[in-house]
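Here the structure comes first, spelled out in structure tokens, and everything after it is commentary.
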Amino acid sequence: MTESLVAGSPNPLSHRLFARPEIGATAAAGVILVFFLAAAPAFRSGGSFFTVLYQSSTIGIVAIGVGLLMIGGEFDLSAGVIVTTAGLANSMFCWWFGIDLWVGALLSLAFCLFIGFVNGYLVMRTGIPSFLITLGTFFVLQGANLGLTKVVTGSVTSPDISRMDGYPLLEGVFASNFDAGGVTVWGTVLWWLGFTALAAWVLQRTRTGNWVFAIGGSADSARAVGVPVVRTKIGLFMTVSFLGWFVGMHTLYRFNTLQAGNGVGNEFLYIIAAVVGGTLLTGGYGNAIGVGIGAFIFGTTSLGIVYAGWDPNWFKAFLGVMLLLAVLVNLYVKSLATSTRLLRDSPGKADDA
Amino acid sequence: MTATTVTHDLVSVENVSLSFGSVRALRDVSLTLQPGEITALVGDNGAGKSTLVRCLSGIHRPDDGTVRFDGQPAHFSTPEDARNAGIETVHQNLALVEDLTVWQNLFLNREIVHGFGPLAILDKRAMKREAQRMVSTLAVNVPSVTSTVRRLSGGQRQAVSICRAAGFSSKLVIMDEPTAALGVQETERVEKLITKLREDGHAVLLISHNFAQVMRLADHVWVMRAGRCVAGRRIAQTTGEEIVALITGAQQS
């Protein structure tokens, strides 16, 4: 113990490896990838790999925000429908008033950030669990998406915006793809990797990241030493709604028209990606790379089942099994990491410094 | 000290009153704390000890009366103000985040960073080194500053919390029942730590229900009863029996 006090980092590599949140998810991702490579011949090509990455990115981008929020100790159930809300707000506003799509995109961003702010403000102000507050927002947005679309267009489909001003540029930003050696790479994949890297950096290297872990681990303790708990948590809710807006823009400018009922249920996919990636449901533990791997597992599985020629209806069942396994693995790894160290740090030997 | 001070009291509380609705929590309380001493604050449950302490640490503001700290009138509106002035509080629940490491807890909201703003970059190496220095200075027994608080015993956690309070050139460390939840051996270790704080020049305000502990550690004791500060004694000139009598009201000051 005397050495460890001086040495600073007493944990051997194996312990540090086991203590990393994403270790279970990485192993699972490898197993699943190998499994589908073996089971589905159509899966074995660069093209399908990048299709998997694209599929992963559409879930993964919002999942980063949801993961950060969960590390910060809160939930957001409205994260699925806000994607659709963002796209609808942009397209219908511009279509109705006949203005440039850029203006609509920025208004939509402001609106989404406002929803995120309201979520966070209500949670912090009332003390009601975020699960309930955002469940409320979820239903409000779901209903408003359908209701308003029907008022504006008379159906549940938003108008086609591909001939409106500003479309080509926005499509280039949010929904472009390019050819890299014969495979199609969607821009969202790069955005996804970029956002993941940024989130990982913020969490691990910056003061804000330190606060996110602290408020998720114990909001009261963090408050007692002066961490701005309310501000940080509201910021996290707004991060989720920003990323939701981003994917909403992608969906809108890729398909030009939106189904108003879309997005429902995706909030759970984000949470699953975060949990499978090692984020603790109770907050204070996790990292962005794990969430990225969780989203990758989602992408691999959802397309692997299709490539293997199986009934895609099994996908959700498989996802459920993955979630349960992930929770069990995380629990096991965590208890293992704690117990081995407790044994090493037997009490006694006071005043050795 | 500044020219405005008459005495060299570190803290002087003068005629402080505070009510919560119809409950008069503090009535005309006056007391002083000397620098470099351990001052104990005793009294029955509900006597107003914690309320008084919260006035000092910036959580409550007195309705009436003045608090002077280090000669200056102290108007703390947040715990942050009190901390900046040099008053640190070791909370009863310790205010530690279990999933963070010892060094992260020591530097929470006082991170050593490059740059500024919310995206200031943490200097982890410097914080680990400083944390190591802080625990070594106080001879705190923790396995390593890189271990998470979850893995520490109750006494070790208390020590980390005290270490944080003492580590940032604070003039006064307030402790609310620091040993209430600890075993015999750990209590002894924390008491040693409190004496060490005094040796290092910190003033300590100790709330305790343990009279033996008060007699062992403190230099001075203030007794509170029903929101009033009813008596003050030098420890050298009093006995445990007298303090008990003062607390219960069997003896009027």
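Any Cβ shown, glycine's included, is placed from N, Cα and C.
Heads up, TrEMBL stuff is auto-annotated, nobody curated it.
Model, not experiment: these values are computed from the prediction.
Annotated transmembrane segment per TrEMBL: A:23-43, A:49-70, A:77-99, A:105-124, A:131-148, A:183-203, A:234-252, A:264-281, A:288-308, A:314-333, in sequence order.
By the Cβ criterion (distance under 8 Å, sequence gap of 6 or more), the transmembrane segment (A:131-148) is counted as touching the transmembrane segment (A:105-124), at least 3 such pairs being found. When each of A:23-43, A:77-99, A:183-203, A:288-308, A:314-333 is scored by its Cβ pairs under 8 Å to the transmembrane segment (A:105-124), the top-ranked stretch turns out to be A:77-99. Simply put, out of A:23-43, A:49-70, A:264-281, A:49-70 has the most Cβ pairs sitting under 8 Å from the transmembrane segment (A:183-203). Simply put, out of A:77-99, A:234-252, A:264-281, A:288-308, A:264-281 has the most Cβ pairs sitting under 8 Å from the transmembrane segment (A:314-333). A contact links the transmembrane segment (A:234-252) to the transmembrane segment (A:77-99), because at least 3 Cβ pairs that are 6 or more residues apart lie under 8 A. Recorded stretches compared: A:23-43, A:49-70, A:77-99, A:264-281; the one with the most Cβ pairs under 8 Å to the transmembrane segment (A:288-308) is A:49-70.
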